[in-house]
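These come from Swiss-Prot:
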type	residues	note
BINDING	49-50, Arg54, 126-127, Arg152, Asp154, 165-170, Ala189, Gln227	NAD(+) binding site
ACT_SITE	Asp49	active site, proton acceptor
Amino acid sequence: MNFGKKVWLIGNSSEKSKKTLNKLSKILKAEHFVFDDINPEIVISVGGDGTLLRAMHMYEYQLDRVRFLGVHTGHLGFYTDFTDEDLFEVVEALYDENPAQAIHYPLICVQVSFTDGYQIVRHVLNEATIRRASKTMVGDVRISDYLFERFRGDGLSISTPTGSTAYNKSIGGAVVHPRVKAMQIAEIASLNNVVYRTLGSPMIVAEKDTITVCPAPEDDYSLTFDQLTFEYKNIKSIEFSLDGTTISFANCAHTPFWERVSKSFIGEVE
């Protein structure tokens, strides 16, 4: 018996995902799982990594009591352990799933402070980025209390270890195992010449350190929190930290990290 385990399903708009979600819903209902979108124990994403990220942000303020499981219906699913052909295996895994054995990945806490004193706080699973809405971005970068550099360029990306395989990798960042509790800063098209100078390489920042970016407050900026994009003015500072918040994945046939990396980017090695 599943003892009325509460689940909720979130899918993307593709026809394949819709069909998979409907089929899985029927199987779960037949097995007497309880569907609860307010206080689910397990959120099942059906689609790809973007769907999983959307699901995480929908339950961003319940992460201490929600676990996630991914079913991918496309070509690449870094956060997903099952395919659309594994639906009965999904049900078996949900029966066997033990909350005490959940897999936890760290999230980055992003605190945005504005010149009028207003603040917003978000958490990201992959990365947060800051860019100028137009022209070159200029901003001081502090590591904890130390003024490290004055950055000039298109922008900055700050990623988690699991997010190191996403946008961070595409701009030359390193791939970092989730057991390494750290953040990574990667530059987006920095200016480096005889007048302006940045480090010019990705940086791994330790767990207890904070990263603070102080951009010119009069400019317009585009901030992303994973797949979410917002436009802001009058930003005083943006602080990035590992505050202990994690996302929990149901430990159901969970694929080891390096196996995920190999399958996602390299394929079969002969």
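Here the Cβ of each residue, glycine as well, is placed from N, Cα and C on the backbone.
Sequence features annotated in Swiss-Prot and their locations in the structure.
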| residue | record | CB count, 10 Å |
| --- | --- | --- |
| Asp49 | NAD(+) binding site | 23 |
| Arg54 | NAD(+) binding site | 17 |
| Glu127 | NAD(+) binding site | 27 |
| Asp154 | NAD(+) binding site | 17 |
| Ala166 | NAD(+) binding site | 20 |
| Asn168 | NAD(+) binding site | 25 |
| Ser170 | NAD(+) binding site | 10 |
| Gln227 | NAD(+) binding site | 16 |
| request: State the three-class DSSP label for Ser170 (NAD(+) binding site), counting H, G and I as helix, E and B as strand, and everything else as coil. | output: helix
| DSSP on Arg54 (NAD(+) binding site), three-state: which is it? | helix
| Three-class DSSP secondary structure - Gln227 (NAD(+) binding site) | coil
